[in-house]
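S.K.: Structure incoming, see below.
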Amino acid sequence: MTKYIFVTGGVVSSLGKGIVAASLGRLLKNRGLKVTIQKFDPYINVDPGTMSPYQHGEVFVTDDGTETDLDLGHYERFIDINLNKYSNVTTGKIYSEVLKKERRGDYLGATVQVIPHITNMIKEKIMRAGTITDADVVITEVGGTVGDIESLPFLEALRQMKSEVGSENVVYIHTTLVPYLHAAGEMKTKPTQHSVKELRGLGIQPNILVVRTEKPISQSMRNKIANFCDVEPEAVIESMDVDTLYSIPLNLQAQNMDEIVCKKLHLDTPAADMTEWAALRDKVKNLSGEVKIALVGKYVQLPDAYISVNEALKHAGYTIDANVKIDYFDSEKLTAENVADELKGYDGVIVPGGFGDRGLEGMIQAIRYARENDVPYLGICLGMQMACIEFARDVAGIEDATTGEVNPKAANKIIDLMADQEDVENMGGTQRLGLYPCKLKAGSVASAAYGNQDVIQERHRHRYEFNNKYRDELAAKGLVFSGTSPDNRLVEVVEIPENKFFVAAQYHPEFLSRPQRPEGLFQAFINASAGK
């Protein structure tokens, strides 16, 4: 029988529900259980693919091409699993599917309502996440805060799950805040009490409380919270701020959270062996070297827009005992006149993905600086496209080289709309998305980065591609096309072998990086940046 764990949040948002859920998933996996995890987002968008990075942060892409919440990146990195379309469910997706069924006549003339039709669809998504992966445990995080009107159908579905699958197969975890009032010198439990009261008013009695605190909670305070919220004192789990996220699974384990969960779910498993994880935590806390990377992008005001890139850079740094210090540069503010002063002193330059014409010329200036000064460069998606345009302009002499994304009628579109995108009308969910194979050129820098593999599988998210009309012309000037689709039609990787490291990929390598298994291109880039 599949077991279900539901993680909700109260008092305020951004308490770290996603990290708690991911940490618990890691603990249960290390107990020998097969775990899957999903995020419910209460917004009306079908997915975050068309949302501004300033509002939502990064759009994380799964193997099957689903555009998802950035929390799925945390899940994949912490638990080291690959997720799917059932791992991110939005209100928009639920309503869209229910309305399609209604139009087909699937409800046989019934009045379609939130209960039971919407809640049944939500429960179907929960159960499907388990059956499609054959998981022992499904962990479901509900976005937002208890009390939000948008979350009510999801919470009602969670309430119904208890009677549907049996109380012995369900655990409810509620994350709350115990604030410290500096003026009074006291910690206050009242917000937690009220949050749990509101959750109980919706029919859900939490089994475990994870309380976010600034200072340690005393045993007497733990007892007080337990008494007012009707949980066992040992089920009140303290979650203090930490210097590295990798401490959180170990902190939860030290408070027996995974043991409490397994006992409630009648799961007889050995204790989680977290030796390797503890070693990772210790390494991260004691890095001796430093590598300075300049990240040049369009959305740098919100670093969460590049969170997987940031994490992938850090993962590669752990391998060489180096802290990767990332400084952000707004590409709109970089010019031919100031780029050298701005980027001087950095060990490497990276230009990640993005959309639209804003800030492209600044990216091109950063790429030119890296190429001409032999500073290690890694381009991702848009960063690969701009690298091709910079090379075409400044090396091949095609002065008006550009992208069809800026000017669809330009004479020299080095980057152009993919043929199968020309008749696409809807913007959402229609890009080239998900895992695709890439054939690597033997002896290339890219091939070496991946252990001389012939073919790799990487995740994509793009609508434009390199225009093959210019492949021979740029190759004659020294640009190596070191990665292509197996049929050789789509350019996936370009490089300049004369430079210390100048590699750019159309795909998004950051989505497959793990803290204990860095992604190949990122590792090669950081090695070159560190002079290894």
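Think of each number as a place in line: the chain as shown, counted from 1.
Any Cβ shown, glycine's included, is placed from N, Cα and C.
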S.K.: Among K123, K125, K224, which residue does Swiss-Prot annotate as binding UTP at the site that also has S13, K188, T189, K190, P191, T192, Q193?
M.R.: K224
S.K.: If Swiss-Prot says S14, L15, G16, K17, G18, I19 bind ATP, which of D69, D71, D80 does it name for the same site?
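M.R.: Checking D69, D71, D80 against Swiss-Prot: the ATP site match is D71.
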S.K.: Can you match one of R459, R463, R471 to the L-glutamine site that Swiss-Prot gives for Y54, G354, L382, G383, M384, Q385, E405?
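M.R.: Among the candidates, Swiss-Prot records only R463 at this L-glutamine site.
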S.K.: For G354 (L-glutamine binding site), what is the secondary structure by DSSP, using just helix, strand and coil?
M.R.: coil
S.K.: Just the number: how many Å between the Cα atoms of C381 (active site, nucleophile) and G354 (L-glutamine binding site)?
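M.R.: Rounded to the nearest whole number, the Cα-Cα distance is 8 Å.
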S.K.: Other residues with Cβ within 8 Å of the Cβ centroid of S14, L15, G16, K17, G18, I19, D71 at the ATP site?
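M.R.: Sorted by sequence, the hits are G9, V20, A21, E141, T175.
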S.K.: Provide, as an integer number of angstrom, the distance between the C-alpha atoms of S14 (ATP binding site) and K224 (UTP binding site).
M.R.: 24
S.K.: Could you give the Cα-Cα distance between G18 (ATP binding site) and E141 (Mg(2+) binding site), in whole Å?
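M.R.: About 7 Å separates the two Cα atoms.
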S.K.: Quick check on the binding-site residues P191, G383: which one has the highest count of other Cβ atoms within 10 Å of its Cβ?
M.R.: G383
S.K.: Can you tell me which of the binding-site residues I19, Y54, I149, M384, E405 is spatially closest to P191 (UTP binding site)? Compare CA atoms only.
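M.R.: Nearest by Cα distance to P191 (UTP binding site): I149.
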S.K.: Would you mind checking how many other C-beta atoms are within 10 angstroms of the C-beta on Q385 (L-glutamine binding site)?
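M.R.: Around Q385 (L-glutamine binding site), other Cβ atoms within 10 Å: 29.
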